[in-house]
Structure formats: C-alpha cells, structure tokens
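A.B. asks: Below you'll find the structure I mean.
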Amino acid sequence: MERTELNTLGEFGLIDRIKSKFTNQNAETIKGIGDDAAVIDVGDKYMLVTTDILFEGIHFDLSYTPLRHLGYKAVAVNVSDIAAMNGIAKQITVTIGLSNRISVEAIDELYEGIKFACESYNVDLIGGDTSASASGFVVSITATGFVDKDKIVYRNGAKPNDILCVTGDLGAAYFGLQVLEREKQVYLANPSMQPELTEKEYLVGKILKPEARTDIIHELNELGVVPSSMIDISDGLASDLLHICTQSGVGAMVFEDKLPIEDITMLTATEFNVSPITAALNGGEDYQLLFTVKQSDFDKIQKVSDVLPIGYMTQDTAVQLALNSGGTAAIKAQGWNHLR
Ligand SMILES: Nc1ncnc2c1ncn2[C@@H]1O[C@H](COP(=O)(O)OP(=O)(O)O)[C@@H](O)[C@H]1O
Ligand SMILES: Cc1ncc(C[n+]2csc(CCOP(=O)(O)OP(=O)(O)O)c2C)c(N)n1
Ligand SMILES: [Mg+2]
C-alpha cells in the first residue's frame, strides 16, 4: 500500500482531505469543518462549537509553564475561537490526559487556572473526561457559545475594499517563548542561575497568559458593527490572513508601517537577531482578532481604541505587504505548522 508522509500535506492539507470525505446530513449543521467554530441552528440563535488540544512538548513546556496559567490559556484559546465567530462562549468541557509525573496538587493548580478563566469569561465547566497518558500531559477543551443569527461572522465574507483590522500588537508571544527557552537553557547549564525576566514581563505574559478579545466582540456589538469576516490569530497574521483571503476569494494589502509591534518586541527582536516583521507575521499565539469591515463602518470602529486598521482587501487575490522601503512583498503562510 502507498505511504504518504504527513508533511507532504501539512496540517491544513490534512484537514481539507478529512473534510472532503464527509458531507453533513443534518439541516441544523449550518457550518462544519473550516472555520474557527462549527455553527449549529438551535432555534432563535446559532450555537457555536470549537475544540483545541494542548500537548506537553508541543504547546507547552512544564519546566516554565505554571499549571495555573496553562489552565487559563486552555480556556482562553477556545473562548477566542468562539469570539472569532462574533459569539460569546458559555460552556466548556475539559479533558485531561495524565502522566504519573503529575501530582494531585498540580491538577488542583490547573483547575484553579481553569476556574479563574471560567469566572473572567463567564463560562461554565460542564464536564469532560480523565485518562492516563503515555506521552506526557494533555489538556483538551471544547467550548460552546452563542450568537444572534444575523450577527454570525465567517472567515469567508471579506469583500474588496473592506478594511483589515487587528485588535492588538503582534509578535510579543513569539519572543516571550524565545526568552523562556533561553532562560531554560541557562538554568539547565547552571541550576544556580535564577531567570532574569523582569524586563521581559510583557512578552512572557503574552505567551503564558493570553486573553481572548471578548471585550472587542461586546464593543463591536454595541456600535452595531458586524465584521464582514473574522479569524483569531493563533498561527500568525500571515497564515490566518491567508485563510480569510482564500475562503473569501480576495487578496489583501497590509502596510508594514501599520503592523502593531511594541517597543519591547522590537528590542528583543534585535537581541535575538530575528526580524520583528517576521515575528509579527509568523510568530503565532497572538490570539488577537483579525477582521474586515465595510468602509462605511470605518468611522464607528475608529472609536474603539484597540481596533487598529492595518490594510485593505483587494479584488486581485495577491496577499501583499507594502514595504516601508517602497515596493511590496508577497505574504506567505510560513507560520507555525506542526506537520512541517
Ligand atoms: N482532525 C480533524 N477532524 C475534523 N475536523 C478538524 C480536524 N482538525 C481540525 N478540524 C477543523 O478544521 C478547522 C480548522 O482547524 P484549526 O486550524 O485547528 O482552527 P483554529 O486555528 O481556529 O483552532 C476547524 O473547523 C476544525 O474544527
Ligand atoms: C513548548 C512550546 N513549543 C512551541 C510553542 C509555539 N506554539 C505552539 S502552538 C502554536 C500555534 C497554534 O497552535 P495550534 O495547535 O495550531 O492551534 P490552533 O491553530 O489549532 O488554534 C505555537 C506558535 C509553544 N507555545 N510551546
Ligand atoms: Mg481560530
């Protein structure tokens, strides 16, 4: 029998392959595979369902990830996927795979973080599953949420001339991870060395304690603005913008000088000898919302301080970065890819 290596398809190629083998059989299934959450018709509203799994060694390293933060983050990334559909998360289930290295106190700490997130995002923990894991610690969360039917936002609704917006700075989480990895190596080489992280607090905070931007969903709703398309940035602006563009059949022009990058991110980029633009485009785990609005909504969104216009959508399907030096460069999905 033929054998195809996973890396020839990649994560998204594999998902497309799985998707192509299924057709939905229920009229209530409005949207299945292919967006930040599935959409189910439950009467007067749409119910949203999303799931994310976090693996030790792939998504987190227990030597520098407090379990309290891991619990909070596992909830936040799911709430973020519900927000990316313009919805509000209401319930979660939590599944854990435990290795024998994990103590009861450690699980308590994980659930303290989960509880803190439940309180801050106003969601209920309604169930889950518990198992042993042969390959390290695993936490997987499924979230449900709701949205008014006329307010649902997909990845595929962007139109030429729509304005492209992001809800906060990019690239910080990437350097937070680099800093933690560097300190880990320093510690391994000399365990008496204590990590020096005070200057990098902002960056480390972004990787360990990301927030879902539910605040923006509420603000847009109050302003009566429904984005034409939306996604949350987990894999990096480039990769996630390309999802909007391919699904919407449009291109985009992003301005390099509009990319929101904090000073500390710039400084740390120099330290690590990595281009801050590359980190902003491909670093991933920013968990900001990336969305498009009609030009007629521009005045309204300018009132929201955290909504930053970074470009516009184009009829031509090229996805480009307008460079400060003049000219343009193609934006490619070089972001985080597990199966590369
Ligand atoms: N193994 C799988 N089987 C079926 N659907 C999947 C699988 N993995 C991912 N998906 C679906 O593919 C889409 C994209 O997934 P993903 O890139 O993980 O989204 P996100 O980055 O928003 O978490 C989603 O609709 C998700 O539910
Ligand atoms: C130990 C460790 N290695 C690598 C990373 C970086 N990293 C892990 S997941 C991820 C991106 C998003 O992951 P994915 O599972 O694709 O999330 P999804 O798109 O499904 O929401 C990144 C940049 C990390 N946070 N920790
Ligand atoms: Mg998403």
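Keep in mind that glycine also has a Cβ here, set from the backbone N, Cα and C atoms.
These numbers come from a predicted model, not from an experiment.
According to TrEMBL, the protein carries these features:
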BINDING   ASP36, THR50, ASP81  Mg(2+) 4 binding site
BINDING   ASP36, ASP81, ASP232  Mg(2+) 3 binding site
BINDING   THR51, ASP52, ASP129  Mg(2+) 1 binding site
BINDING   ASP52, ASP81  Mg(2+) 2 binding site
BINDING   HIS59, GLU285, TRP336  substrate binding site
BINDING   TYR111, GLY128, ASP129, ARG155, SER234  ATP binding site
BINDING   ASP235  Mg(2+) 5 binding site
DOMAIN    34-147  domain 'PurM-like N-terminal'
A.B. asks: Residues with Cβ closer than 8 Å to the Cβ of ASP52 (Mg(2+) 1 binding site), same chain and 6+ apart in sequence?
C.D. replies: ALA74, VAL77, ASN78, ASP81, SER140, ILE141
A.B. asks: Checking the contact step here: among the binding-site residues THR50, GLY128, ASP232, which have a Cα within 10 Å of the Cα of TRP336 (substrate binding site)?
C.D. replies: none
A.B. asks: Within 10 Å of ASP36 (Mg(2+) 4 binding site), Cα to Cα, which of the binding-site residues HIS59, TYR111, GLY128, ASP129, ASP235, GLU285 are there?
C.D. replies: none
A.B. asks: Out of THR50, THR51, TYR111, GLY128, GLU285, the binding-site residues in the record, which is closest to ASP235 (Mg(2+) 5 binding site) when you go by Cα distance?
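C.D. replies: That would be GLU285, the closest of THR50, THR51, TYR111, GLY128, GLU285 to ASP235 (Mg(2+) 5 binding site).
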A.B. asks: Taking the centroid of the Cβ atoms of ASP36, ASP81, ASP232 (Mg(2+) 3 site), which other same-chain residues have Cβ within 8 Å of it?
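C.D. replies: Output for this site, in sequence order: ALA37, THR50, SER80, ILE82, ALA83, ALA84, MET85, ILE231, SER234.
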A.B. asks: Mind running the binding-site residues HIS59, TYR111, SER234, GLU285, TRP336 against ligand 2 and keeping the ones whose CB falls under 6 Å of it?
C.D. replies: HIS59, SER234, GLU285, TRP336
A.B. asks: Give the distance between the Cα atoms of TYR111 (ATP binding site) and THR50 (Mg(2+) 4 binding site), rounded to the nearest whole Å.
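C.D. replies: The separation of the Cα atoms works out to 20 Å.
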